[in-house]
Amino acid sequence: IPSPYPVGTPNLPPAARAPPQMPQAAPLAVVLGAACVLPSHALRTLGASASLGLQLYGFRDFVADFNRTYEDGTEQWNMRRDLFEERHKEIMEFNAVPGRAWTKGITPFMDYTDAERKRLLGRRGRGPRKASYDAPAEAASLGGGTHIPSEFSVERPGAKLLNLIRDQGNCGSCWAEAATSTLEGQVEANRTVMEQLEAIRAKRGGVPEVPTLSSQTVVSCTPNERHCGGQGGCSGATVELAYDMVMARGGLPFAAEWPYESGTHGSTPACKSHLFPSAQVAITGYTTLPANKVSPLKQALVQTGGPIAVSVDATHWFSYAGGIFSDTDVGSGDFTVNHAVTLVAYREPRMFNRGYWLIKNSWGTYWGESGRIRLEMKRAEEAHCGWDYNTHEGLACDGDPDKAWVCGTCGVLYDSTFPTGIHLKGA
């Protein structure tokens, strides 16, 4: 599947994501207002900077292109400039090495501190492994017998939800965005459910034309008593916990009822429990696929026709601009699984072409290939493994083991989940 998305260096968006607001006690407090990616209608047009070569692109260009409000000559300006120049040098050195299948470029994270970048990951893994929450018939439906093509994509022209790229902003809510993106993608892949939604909208309203689901509800209403993935909300949790919440509450409201707001202020508002009685989209279970296996992951994508939530080590993704990302270019052989994303396509390796997994991230459309990244699918993907020695930084619940064996590029095979039994309440 050739990438249909813009690829190039530098990867320059026409607007800004500001670094998150720093604590008041920080010596270099960020002097920005709302820290978020502006909505598309508010994006200013990128000027002459777009024509500059990456080598000539400097901090002043970045400040203008990303709407930063740092004052020239202040301690804040100098600190952010030093971060930018350090990352810019790394990008130039990386891209100068011939033969690599991907490039680095200018992204919104050039002036983020390491701590601010880490906060964006927000994925702290899953709880104790449970094989499946499906009814027996649903769990059995992913058995053998289905032809698995050499390449497959759930994205398609004209799709309302399957092609949607989310932006978590300055909140560690990747787990909630991945869970919501996967659920609404599976909704659109279900023709019966989509027809029912259209019928309800035509008859009595209450269903948005683009029925995106409320990831803010997931962020604010998902309990996390064992601290699986962090403290919950913007401090991290798991896709599985998100689906547990949707089942327990009987459904998930539309985004029109509670739009995403945590990306702006980086905090977790209180749960709006009054929204659940009117929620229409519900699930009966979810399936967690066998760990570190290629075939079940491809099979789930093909058989459901919808996306799958997967977990990855995204430590080295911040400067990704395009191409097929190989972790052997940047890693030491071990992983810290710290980010949840959405798998939408794959292509198996061929004689003269690399294979890849196509992933939708939740960092907006101005990162990567229009918000996506292609991860290399190696010929021996299940043998590309390493230890995650930092499970309590990026993987475990309270009381879980301190290390885990994970496989696939960036650990993509380790933890894969999708919702099942999708239906409309009362339909």
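Each Cβ is built from the backbone N, Cα and C atoms, and glycine gets one as well.
It is 1-20, from the ranges 1-20, 61-80, 321-340, 361-380, that TrEMBL records as region 'Disordered'. Mean per-residue pLDDT, taken over the domain 'Peptidase C1A papain C-terminal' (148-395), amounts to 94. Per DSSP, the secondary structure of the domain 'Cathepsin propeptide inhibitor' (59-117) breaks down as 32 helix, 3 strand, 24 coil.
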